[in-house]
Every structure is written in C-alpha cells, then in structure tokens.
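**Student:** In case it helps, Swiss-Prot gives these features for our protein:
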- 64, 66, 445, 446, 447, 448: dCTP 1 binding site (BINDING)
- 64, 66, 67, 447, 448: dGTP 1 binding site (BINDING)
- 100, 103, 114, 146: dCTP 2 binding site (BINDING)
- 100, 114, 146: dTTP binding site (BINDING)
- 100, 103, 146: dGTP 2 binding site (BINDING)
- 100, 103, 114, 146: dATP binding site (BINDING)
- 543, 546, 561, 564: Zn(2+) binding site (BINDING)
- 482-605: domain 'Glycine radical' (DOMAIN)
- 580: glycine radical (MOD_RES)
C-alpha cells in the first residue's frame, strides 16, 4: 500500500487495523491521528533504512520488528526504570524550569507526573517508577515535620496526632492528584502514558502510608461514577517476612491490596523470592512497562544498578509460522523445522542489531530528560554519544516470541520449553559476541496475535485449532479456551518465567471475587510460591443504566449488560486486560483478533 493510501485510510477512518492497533490510543482525536500519521511516514522511511531482507521478513509475518512507526526512523528507545530518586534528590531542568528537591509529598508527586509525561514523550515504550513507597518516603517525612512545626507554632493540642492525620490526608491527596494527572494528560505519542508504579517492600510508617494511599485511591476510582483507572498500572511485591503471611508487618496492606484487586484488577503481584532468583538481583526487580525485566548489572564500583536502565527494543519471532513452513505435504518435518529455526534466529539477530545500530552516533541532546537530566541515571553532556550508555549489559535488547500453544499443536508434542531453551542459547552467544544484553521476552502481542495469524491464514488457509480461531495465543500462555483451575494454569505456565527471564507474566480469569477475598488470596499465594509475576482478571465493569457491576457480555458488535441489556458504550464502563495492561474496549477498540480472543476466554475455577 502506498503512503498516500495509508494516510487516506487514516483520514477517512477506513483502515480499521491501523485505527485499532493500540488499545491505549483513541484514534478519534487529533493528537492520536497526528501520531498515527507520523507513524505511517516513519514506516515508509524505515523501508529505506532497514535491510530489505529484514523488511521482507517483517512484512510477510516471519518476524515482527516492533514499533517501526517510531524506530529506526528516529533513535527512540523502548521502556525504562526511571531514576526518580536521583532526579528528586539532585534536581533537574524540565523545559524552562529548574526543579529543586521537593519539600512535601504533594510537590513530589506533582513533579513525578511531569516526569511521566516527559519520559513517555521521549520513548515509545512503558515508563516505570520502581519502589515508590521507599523513594517518596523522605517527602512524607518532610510533610510530617512541617505539620509538627505548625502544631507547635499554633499550640495545637495533641500535636503528634494532628501531624499524623494531616500527613495521611496529604499523602492520599498527593496520589489522588497523580492518578488524575496521568489519566487526563497526553504524551506526544498521542496516548495516555504507559506508566507503572511498584511498591510493597517498605515497612516503616511513611512507606506503609504511601502503600495505603495508592490502594485506597484505586479502590475509590475516578470521577463521579468511580470508574476503574487504566493507569498507572499497579504492581505490588509480596514477600515472606514483609506482607505474605498473617504474622508479617504489612499483612494488613496485603488485605487492602486484595480488596483493591477484586474491585479494580490491579495490583498485579510479583513474588520477591522468585523474582530475585530469576534476575540474580539482591532486591526485587520491577518490570519496565507491563512485563520487561532487567537482569542484575553492576557499575564500575561494584554497585547493583536498576533505576535508570532501559530496553532498546524488541523483535518477535513467529513460532507457528516456522512449524507451518516445516510441513512437507501433510507431514511435519523435524529436520526442516530445525533448519528454519536456526535461519530465523540469525534473521532476528540481524534485525536487533539494526535497531542497535540506529542509536550509534546519536547525541544526548535528542532527549534531555533521559540523558542529561537524570531519568536514565546519568547526566551526559549534550554532545555525548548515547550508545556508550547501553553497552556491557546496562541495557537490554529483547527477542520476543508468540504462539507456543499453536506451535505444540503443529509439531504434535509439547516443545515449548525446549524451543525457548534453544532460543536462550542463541541469545547468550549474541551477548558474548556483541557486549549488548540480549534477553528472551514473552511478547504481549496485543496487535500481533491478530497480524501473524492473519498473514499465516493468507498463506496456509484455515488450519484447525491454529489459524481458524483468528488469533494466536499470547507467548507461553495456556489456550484461553482451556477449562482448567487457576492452580493448574499457574503450574503449567510457571516454568516459562524461569526461562523467558527478559519478560513474562501469567494471569488467570476468575469470577467476581469481591465477597471471596480468601479465595483470591489462596490464588495469589499459590502464584507467589510458583512463579514471578501474576495478575487476576475479574469483572470490574459497570452499567450506568441499571447500576449493575456484573460482567458485560462481549459480542462481535460490542458489549451488552447482562442484567438490563444495555448496549450503548457510553452508558457502561468495560475494562479488560488486553495483554499486560488494562484497556477500555468501548472507548478504544481492540483489533479483530484480540476481540475474538477476549470473547473466547473462560473462567478458571
């Protein structure tokens, strides 16, 4: 398709694949349309920058070069862990303003909102603020000290309780303001920032206060109708001795988190024990965006560094296509499969190195917030080369994959763990050869679940239980149609967390658990013992016509209230997990394949 035809499809709203490509982008509004138009141009520029054999593989569905609407036309990077602590402690310049260390929690979260918008506008992937309970604790203490000072100045009786009460209100208000800021602003990418905040390991009174404020705000919801916010994504660490069991000091906060999850789906949880075992870190590692994980890395002085690090991009390998291409007549040929697998791994390496090469010679001045003002943990000079920051394992670059479920069907046996182990062996060789940290990433595949399946259908027709569904299964996940218990699903997916260490998440589908928090806790605890990163999908919908909070029924034409039959999308709030993030399909539609996949999800019970 020519660039003119693609732009016409955007302007006249006839290109549904483009308009519904990203569930977080409202393609009806000017900023998003402008970003989509720029993306069309960037894709055409990429055709002249990326070697033709890579572009051909991308366009035919053998591989997928992610975010080609941003990179390599411009030297964007993917997702990151923002060094919020360093930025707040050392100050930084934002636009025309010199930001100093905040003196209160309200100012600290206001600055965090501005950092969120700036970072999201200078990269194409997700933004994470890790361990905000610990990082923002000093600003709660400053707020408390100010209230003590006021109480003494005005001779307020019971100064300690006064200061405690005022501080608690200030912390709550600070995170309420942050949540509203995030959900009302647009980045230059034409979307709400993909932002994640993690918490849960702090046990002092200020850290506990922050955790409670985050959860209570999420439980309350947004606006008059108390709708479920999409962002920030909430991720809570669970750990024995901190919050996992009844005798732990933060067990009460875990109970609040369970209530929150039952009403808002978030927080997702990370098992601190398994996370440290997987990443090699001495402290739990937060996901960059929805699921990308860094491994341990030490600076020149031997200190472990997490905040300020990032990912350089993803290329995803179409595993079902390798199997489909390995059939000779009606028989699967193992030797041909091995040959094609190795060829396509080499292809992925070239595609990833092409992405890295696009960053060579680029100066820090292209993204001051990232490279000069501390978001990436450094203060480079404007003319410094950014590529040096990414070498020797400081940044990751990821190889993704999709369709283990379909691959197993085509091969005729459970080959998933075997194939991922072989992929890891290749990645290790690439890392040793180049000095860049290649990681194995379980691709979310919000749009790719449909794109790959559609292209494979065009080539091979309708293949039973593979292409006939209209979507490919997300990474290593069990088929969404398989009727098993949540514990069985966790057990079957858990081994993949320890293989695909560069990115993974598992989730289960449960019925309404608001009145069964003990049951929800049992699922959480089982997940915490067996895998790393986990979420639960539960009904959190709301019909504004009848007031029902039952799950809206998905159909090919939209959602229907199961109580009153309402179909007007403006009269209901529907929330679904698209892949790692939540989305509102009535506000920002899913692609055809993802919509079909959601319709076929069964409850695990």
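Including glycine, each Cβ sits where the backbone N, Cα and C put it.
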**Student:** Reported as an integer number of Å, what is the Cα distance between residue 543 (Zn(2+) binding site) and the residue listed as 'glycine radical'?
**Tutor:** 24
**Student:** Given the binding-site residues 67, 100, 445, 447, 448, find the one whose Cα is closest in space to the Cα of residue 580 (glycine radical).
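**Tutor:** Sorting the binding-site residues by distance from residue 580 (glycine radical), the top entry is 445.
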**Student:** Far apart in sequence but close in space: which same-chain residues, 6 or more away, have a Cβ under 8 Å from residue 546 (Zn(2+) binding site)?
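**Tutor:** Result: 561, 563, 564, 566.
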**Student:** Please report the distance from the Cα of residue 64 (dCTP 1 binding site) to the Cα of residue 100 (dCTP 2 binding site), rounded to the nearest angstrom.
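**Tutor:** Taking the Cα atoms only, residue 64 (dCTP 1 binding site) lies 43 Å from residue 100 (dCTP 2 binding site).
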**Student:** With DSSP as the reference, give the number of residues of the domain 'Glycine radical' (482-605) in helix, strand and coil.
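**Tutor:** Counting residues by DSSP class gives 37 helix, 24 strand, 63 coil.
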**Student:** What does the structure give for the C-alpha distance between residue 100 (dCTP 2 binding site) and residue 67 (dGTP 1 binding site)? Integer Å is fine.
**Tutor:** 35
**Student:** Fewest other C-beta atoms within 10 angstroms of its own C-beta: which of the binding-site residues 445, 448, 543, 561, 564 fits that?
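**Tutor:** Taking 445, 448, 543, 561, 564 as the binding-site residues, the minimal 10 Å Cβ count falls on 564.
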**Student:** Check residue 447 (dCTP 1 binding site) against DSSP and tell me helix, strand or coil, would you?
**Tutor:** coil
**Student:** Taking the residues 64, 66, 445, 446, 447, 448 listed for dCTP 1, what is the greatest CA to CA distance in Å, to the nearest whole number?
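**Tutor:** Output for dCTP 1 binders 64, 66, 445, 446, 447, 448: max Cα distance 13 Å.
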**Student:** Does residue 67 (dGTP 1 binding site) have same-chain partners at least 6 apart in sequence with Cβ under 8 Å from its own Cβ, and which are they?
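**Tutor:** The answer is 76, 78, 124, 125, 313, 314.
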